[in-house]
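**Student:** Supplied in structure tokens, the structure appears directly below.
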Number of protein chains: 2
Amino acid sequence: MTSLGDKDSVQTENLFQGSWTQVSCPCCVSDRVEPLVLIRLSDKVQPITKKWLISLIEASQRHGGAALLAHPGEDECGDVIVVSAPRCTLLRATEDLGLCKKYRNGDMVAFSYQDRDNFSNVDDMQEFLTLAERQYIVKNELDSLQAQKKQRIPGVTEATGVLEAWGNVCQKLEKARLIKEILPLHDQQRLKDLGKTWYSQKQIWGQPIDAIHSYFGGTVAFYFSFLDFYIWALVPPALLGLVLTFLMPGGGSSGEAMKKQTTERVMGDDDGPSVSGHMVQAVFSMLWSTLFMEFWKRRSSSLSHRWGTLQLSEGFAEPRPGFHGTLGINPVTGRLEPLFPEWKRQLRVGLVSVPIVGLFMGLVVLGMTGFYHGEALAKGFHQDRGSWFSRALLYLPSVVHIVYTNMLGNVYSTVALQLTEWENHREESSFQNHHTTKVLLFSFFNNFAVLFHIAFYKQDLLLLRKRLASLLIVTQLVNQCTEVLVPFIVDCFLKATQKKQKEDDPEVDKLRAQSLPRFPGLFSEYIELLVQFGYLSLFSCVYPLTAVFLLINNVLEIRGDAYKICKLFRKPFSAPVSNMGVWQTAFEVLGFVSVISNCWLLLLSPRVQEFCLQGGISSKNILLFAILVEHVLILIKMVLAFMIPDEPDWVRIKREQMEFQSMQALGQQKL
Amino acid sequence: MTSLGDKDSVQTENLFQGSWTQVSCPCCVSDRVEPLVLIRLSDKVQPITKKWLISLIEASQRHGGAALLAHPGEDECGDVIVVSAPRCTLLRATEDLGLCKKYRNGDMVAFSYQDRDNFSNVDDMQEFLTLAERQYIVKNELDSLQAQKKQRIPGVTEATGVLEAWGNVCQKLEKARLIKEILPLHDQQRLKDLGKTWYSQKQIWGQPIDAIHSYFGGTVAFYFSFLDFYIWALVPPALLGLVLTFLMPGGGSSGEAMKKQTTERVMGDDDGPSVSGHMVQAVFSMLWSTLFMEFWKRRSSSLSHRWGTLQLSEGFAEPRPGFHGTLGINPVTGRLEPLFPEWKRQLRVGLVSVPIVGLFMGLVVLGMTGFYHGEALAKGFHQDRGSWFSRALLYLPSVVHIVYTNMLGNVYSTVALQLTEWENHREESSFQNHHTTKVLLFSFFNNFAVLFHIAFYKQDLLLLRKRLASLLIVTQLVNQCTEVLVPFIVDCFLKATQKKQKEDDPEVDKLRAQSLPRFPGLFSEYIELLVQFGYLSLFSCVYPLTAVFLLINNVLEIRGDAYKICKLFRKPFSAPVSNMGVWQTAFEVLGFVSVISNCWLLLLSPRVQEFCLQGGISSKNILLFAILVEHVLILIKMVLAFMIPDEPDWVRIKREQMEFQSMQALGQQKL
């Protein structure tokens, strides 16, 4: 079935010794076949297994194949398969994904295969779909390869080599370690161009988000759009912080005293802003976090419209590869697929996952309590004895706590992944959201437990200020080093080794050289932003310079991240997405928590306490007042969030147009 | 154009002397024309004006008519026009409304005129559409009559008789007092049958909601379903209240003491339940209100599916008659209609309506403060003087306050209506929601301001208990009398007069006799429920018997309301609706407020205060504890509300099926 000689119907670019498999439908014949995805096989794979896999990839979907184009690399025995996709497969998948594309009249319209000729650029796949979309489609088609009947994988004699009927082929091959990895290929020329407009040149303002979206896909593009938006949004709180720190409380002092005061303020050594400054900061923080998220939602929905992902139909597509259940007819789409009842999933989430996550958070608190307890014990012991042994013992609690936290974190990340797998989500986005939520809760708890402990249990605002200042200054410095400097040095090394192979190596080896470390996902980047946002909105009234440090950090961060994703990692697959998913919710929830936190911090602030004592107001009344303020602020926040529409008017009209058209179509189609 | 002789194509029931106008399309010819709507004209209307109106009603929509059937009543000079609708008009309107009807395969599917033959009962309009739907469609078609060009109304010589181009005909005629009213006709036989299953017979459990929906339409049916659901939901809190009142605190006491204690408890004279009972009640109240609303939402969505209103397309239909704006092309539907930008409406709501509503609420508070102030003054004056004059003066504050409150209420209701008109809502539902919200906020404030004042400002829980008990016992008794007894007596009178005319009057006079008082809408019924729900959820931990009284009251209430709507009022027009609209939100918001209220009441309760004093806990710590409890309870409430899906699984699947089909239709239609 594989065609290894030169074919008249398909002309490859002659990059490789072998050639592409034949295109089955005449409309897809093209002069140029673009290598999109690389499958790396294990060394022990027999040629017959490879041949069988290639035949599966190129077989039509009617015959249980993926309807893609495959190329065996150097020769039949090599350990790679290069995969591409013919036009028809790409177009049909575009419809299945529910992507919107530019219609004849310039509108974004959900793509329909039957109506394909009315869409712009439909003859040029490289224009019609972005590189990220093409690669995702190939990955998706590979992922949905199913065995049509129970069979033995050719060339594999072991017990692991049996494919069940309706079993997922790629999952099985990966489990049996026949496929090492499936990765999208970089387009070096485009990557270079992208890098130029992104981080290399004097490009300081703005991000080339459309180019990022086209090359890296929606998830990455949304991250960078959000970071960009966030940097701009940080300007007002940074200005306010500067004003509150340097202009408001001082005034008369000058020279040495002024200098000293300034250093104290930056280092968090004085006792914070004045009462009115404190109030201003708390109210401002509430307004700012609300407006920030509401306007981001508007920006997000207009981006989603621009990128054609307003009408994604994930719910109607095939389930994600890891999904399992009893085979049955999907009541909505009428297709044969595994079914798993919703209530069962919810029971699993509610009765198992939630308690386990709670348990781990309890363990974090336990660890913290143990640490404080141990520290007190060690200190007491040292004061009693004062020997070198007791001095060494002083470090023990910290060491134990660090080891404990790390171990807990590792165990938790495994548990979170397995729990989410076990919850058995049908859609990839739902899986991602549940997984992210779990990890996020834990990371957040880990990051903020100590700060909350200092703020609300110890009620030591001076310590909180110091801690925040050191976190902001030290951690960010360390982060920047590890994120920007180290990668740069590594990259220089890489370049030196790459140059050597450049001249004489065959094309396939160049492809293989793309096997950089796997892209770890944007989780750590997002959590960094979220923790930042937490410092800013939860505790900023304690330390007004927070926004200034974050602004400086993020201007560096956005370039560091860009460099990292372009140069240091393997290109990630990226599903089309219509928003930031669960991260948006996380930022919104944090906004609500911040109102509560700010109100209570305000109450605890030494200046406010002093002010009350002077005014002769009882601490009970002040508490009641704080409760009132908290509830009013939350009410204002909710009214504001409700009043500002989540999408701009023009997006709403476009969306309603689509809904109206599909309603009308439903009426007419039934004829 | 009107056909007054006997026509071969249309046979009337020979109820009237005249006859129906001719049906324009052959498919609508039917043996029987059902009178649906009555237009009552002013006495001074000239026959030529009536003739012109009839010709407008019967003209096809292409010619600017309503495509309905009209009957001139007794003769051409009479002051009524009876209106009916031919099949085609009904079917097209069904599609425009987005109503779902039973398809061949038994599913509820959005009706499509082109595909009409595949729907069940499509030949029998009396089966296919409910009476309420048919009447609403007729009203809707009449309402959307527009003048095609500027013209003078025939037979009207005054300056008011000029119709602008695209002006609304019915609105103009009502303004010029040519049309007195447009009302749907009762079907006496069906009304009798409905009454039998609803309130006459020994029908104690459940409500015939499908029959109600079919006869009175969605809004009324949703109200009675909700009330029914609410009665069942009251059983657990009523049981808990009984247990807490009669079993928990007592025990040893018997005989006379027990009896006295019981009376005290019912009258709210003792100092409330024990601390633990108090806590149980507060937590229970939170859980109960959350579960109640979540399960009601599920019930509501399954009712909405059953009644075919899951996919209402109000946004795509013609705007409501009162809507005005510059004439333009609707960007979504492409139809020519008045346009009004969304941001302008939001500005009007945010910058004018919200402050004015706030102002009126401020006036309520001002009135209350003034009342308390005046009362104190009058008491002081009476104590100083002690004359008959000062005794009379004691009543002055109450009288002034009552007059003030009534005047304020009247002014407010006018202002609320005019503000909402001025906000210029495009959809009727949006208009209703905004209007209801305004009136609701005010009524709620009016009802609860005093209670909140007693609870949180005076912090006098004993007074609160007494006030609640008297409100529950006295007000409900009065309500029941005015709502059930008085109507019954009125009805007996009515029957006596009706009997006289029954025998010899012509049919048209019988129709005219249907002009009972206009149905005032369900606003007062809903607000009664909401205030009840407020007593229960906000303050129930002060007075646990609340639920018992409410349960007794509502069992009577549901029958009283049924009797009232069937017998005492004109039949209302009722648009298809998919839920209770803004009332659902109101109940949900109240649920949140109740958590806050319960926590603080718990804190203020004398028993808890005593308990703390005994335990040596400082009032500040107890306050902090209450804050913590409040936040945790709200968190639990939100998690619960999030975890329970708003629609049952089977409704979700049906809805997704429809979405999938319309998506697929969109793809195929573009061919």
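Cβ atoms are placed via backbone N, Cα and C, with glycine included.
Feature table excerpt (TrEMBL):
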DOMAIN    B:212-657  domain 'Anoctamin transmembrane'
TRANSMEM  B:229-248  transmembrane segment
TRANSMEM  B:349-372  transmembrane segment
TRANSMEM  B:392-419  transmembrane segment
TRANSMEM  B:439-457  transmembrane segment
TRANSMEM  B:533-556  transmembrane segment
TRANSMEM  B:577-603  transmembrane segment
TRANSMEM  B:623-644  transmembrane segment
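Neighbours and distances for these, please.
**Tutor:** Non-local neighbours of the transmembrane segment (B:229-248) in the same chain are 262, 265-266, 273-274, 277, 280-281, 284-285, 288, 292, 295-296, 299, 529, 533, 536, 540, 544-548, 550-551, 554-555, 558; each lies 6+ residues outside the stretch with a CB under 8 Å from one of its CB atoms.
Sequence-distant neighbours of the transmembrane segment (B:349-372) (same chain, 6+ residues past either end, Cβ-Cβ under 8 Å): 397-398, 400-401, 404-405, 408, 412, 415-416, 419-420, 422-423, 434, 438, 441-442, 445-446, 449-450, 453.
Long-range contacts of the transmembrane segment (B:392-419) within its own chain (CB-CB distance under 8 A, at least 6 residues past either end) are made by residues 352-353, 356-357, 360, 363-364, 367-368, 370-371, 374-375, 377-379, 381-382, 435, 438-439, 442, 446.
For the transmembrane segment (B:439-457), the list of distant contacts is 357, 360-361, 364-365, 368, 405, 409, 412-413, 416, 463-464, 467-468, 523, 527, 530-531, 534, 538-539, 542, 582, 586, 597, 600-601, 604: same-chain residues at least six beyond its ends, Cβ to Cβ under 8 Å.
Remote same-chain partners of the transmembrane segment (B:533-556), defined as residues 6 or more beyond its termini with a Cβ less than 8 Å from a stretch Cβ, comprise 227, 230-231, 234-235, 237-238, 240-242, 244-245, 265-266, 268, 272-273, 277-278, 281-282, 285, 288-289, 444, 447-448, 451, 455, 461, 464-465, 468-469, 471-473, 476, 479-480, 484, 587, 590-591, 593-594, 597-598, 601-602, 605.
Here the transmembrane segment (B:577-603) has long-range neighbours at 218-219, 222-223, 226, 278-279, 281-282, 285-286, 289-290, 293, 296-297, 300-301, 304, 309-310, 312, 429, 432-433, 436-437, 440, 444, 455-456, 461, 526, 530, 533-534, 537-542, 622-623, 626, 629-630, 633-634, 637, meaning same-chain residues at least 6 beyond its ends whose C-beta is under 8 angstroms from one of its own.
Beyond the ends of the transmembrane segment (B:623-644), by six or more residues, the same chain brings 283, 286-287, 290-291, 293-295, 298, 591-592, 595-596, 599-600, 602-603 to within a C-beta distance below 8 angstroms of the stretch.
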